[in-house]
Amino acid sequence: MAKRTHVSLRRLGRSTVTGVKCPIRWLGRGVVLDILLVVMLVVFNVYVAVWSGLPQEGRPGCGPWAGLVLQVVVALAMLARRTRPLAVLGVVAVSAVVMSLSMWLVPGWFLASADGAGVWVPSATPFAAYSAVVFSARPRVAWVLTGVLTLLATRLWALSFAVTASGLVLTAVPALLGMYVGARRGLIAVLTERAERAERERVLVAEQARAEERVRLAGEMHDVVTHRVSLMVLQAGALCVTASDAHARAEAEALRAAGCQALEELRDLVGVLRSPRSAVKVVGTAERDVSGSGPGLAMLVAESRAVGMEVEFREVGDGSVLAPVVARTAHRIVQEALTNVRKHAPGGSVRVDVRYEVDRVRLLVRNTAPTKPGDVELAASGSGSGLSGLRQRTELVGGTFASGPLPDGGFTVESALPTYVPTTKTWIRSGQPAASGLWGDDD
């Protein structure tokens, strides 16, 4: 198990540092660095070839220039050191073999000195060894090629302290440095992935806690609120029958109708609370629950105008496309916005824009700054959580909500709601399993 874990971590580290999944900006930076490296190597080798181009005893006339061509070819291969590190290291190893054989066959062709002094490997060797260990997906092959280069660079068959030390610095030391860098990057990648996984788990736990809280709230609403409202509706219905005064019967009938509407709203709200979270965000053309229509927004505007508010109302589209729970949510948003204007911006004008789209309904309520002194007691009434409650209610049906002050002293409320949100009835009709304890059960 430990070996398997080590292999998986090592692969993860390599996949992170090879540049396959790195951002484009890092890939561009690497290309620039590789070009600068190639230019530096070419300039260095040209300088060495020119400096060593003076006539030397035992050297062919084309000696330094043949070596320069070989060094330039190896330097150009460094452009692929990130994408093809083993191929680049192989080119360097073959060049080192050619340089070593030339000392026995044609001395002075590929080396700066005809007597063979110095290290018999290309000048790009340390960069190729480092890149192969860091970027290669097959480190064993990289170490084998590095070992061949180390053998040729140190010339163990003719030991010399200077040559051996130089050979190790040019081959083994860069490879060891690359191994350290690769291990460090792999560790950083593993720690980053672990932190991201912990964050995802934290989000999932929070989502699960919210889902459980929604189910608990749905149960409380079903067991407590619905029971009380049902009793109120029954008592109001009995009063309609037994009351002798016509005005009392009318008031009782209005109370009974309001209670029935509240039960309908609670039924949809509990259905949304208990339906799967993904269903809240569904927007489509599936069968809609048209058992009732939401309260009209025009009525809210008319009520506000009746109390002296200056309200401009514009409605675009067909409001009948809204699911009942969405229509009631839109009604609550406009209602709360108009109520806040009456409380906090007396004398200000209000503009209500409603636009029905294919899959969305967009609401905008904007008022100007107040022009009259407000009622202190009226402004202080309420719990102060109306806007936060609207935001939660909007998010519950998969919509968005935003509110805030305007530079001219006014206030704006904006919301976008899906036209269709499946509730418990929808899930039962579609054959999906529904949660127990909903309306229609025998509890």
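Cβ coordinates are placed from backbone N, Cα and C, and glycine is handled just like the others.
Caution: TrEMBL annotation is automatic and unverified by curators.
Source: prediction; values computed, not measured.
TrEMBL lists 31-51 (among others) with the feature transmembrane segment. Long-range neighbours of the transmembrane segment (31-51) within the same chain, counting only residues 6 or more positions beyond its ends whose Cβ lies under 8 Å from a Cβ of the stretch, are 64-65, 67-68, 71-72, 74-76, 78-79, 81-82, 112, 123-124, 127.
The transmembrane segment annotation in TrEMBL covers 63-80 (among others).
The transmembrane segment annotation in TrEMBL covers 87-111 (among others).
Sequence annotations record features per position, and here TrEMBL assigns transmembrane segment to 117-135 (among others). Counting same-chain residues at least six beyond the ends of the transmembrane segment (117-135), those with a Cβ under 8 angstroms from any Cβ of the stretch are 14, 17-19, 37, 41, 44-45, 48, 70-71, 74-75, 77-78, 81-83, 85-86, 88-89, 91-92, 95-96, 99-100, 103, 111, 142-143, 145-146, 149, 152-153, 155, 163, 166-167, 169-175, 177-179, 181-182, 185.
The transmembrane segment annotation in TrEMBL covers 165-183 (among others).
Among the features that TrEMBL reports, domain 'Histidine kinase/HSP90-like ATPase' is placed at 328-418.
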Long-range neighbours of the transmembrane segment (165-183), counting only residues six or more past its ends (CB under 8 A): 13-14, 17, 118-119, 121, 125-127, 129-134, 139, 142-143, 146, 149-150, 152-155
Helix, strand and coil totals (DSSP H, G, I; E, B; other) for the domain 'Histidine kinase/HSP90-like ATPase' (328-418): 33 helix, 30 strand, 28 coil
Average model confidence [pLDDT] within the domain 'Histidine kinase/HSP90-like ATPase' (328-418): 85
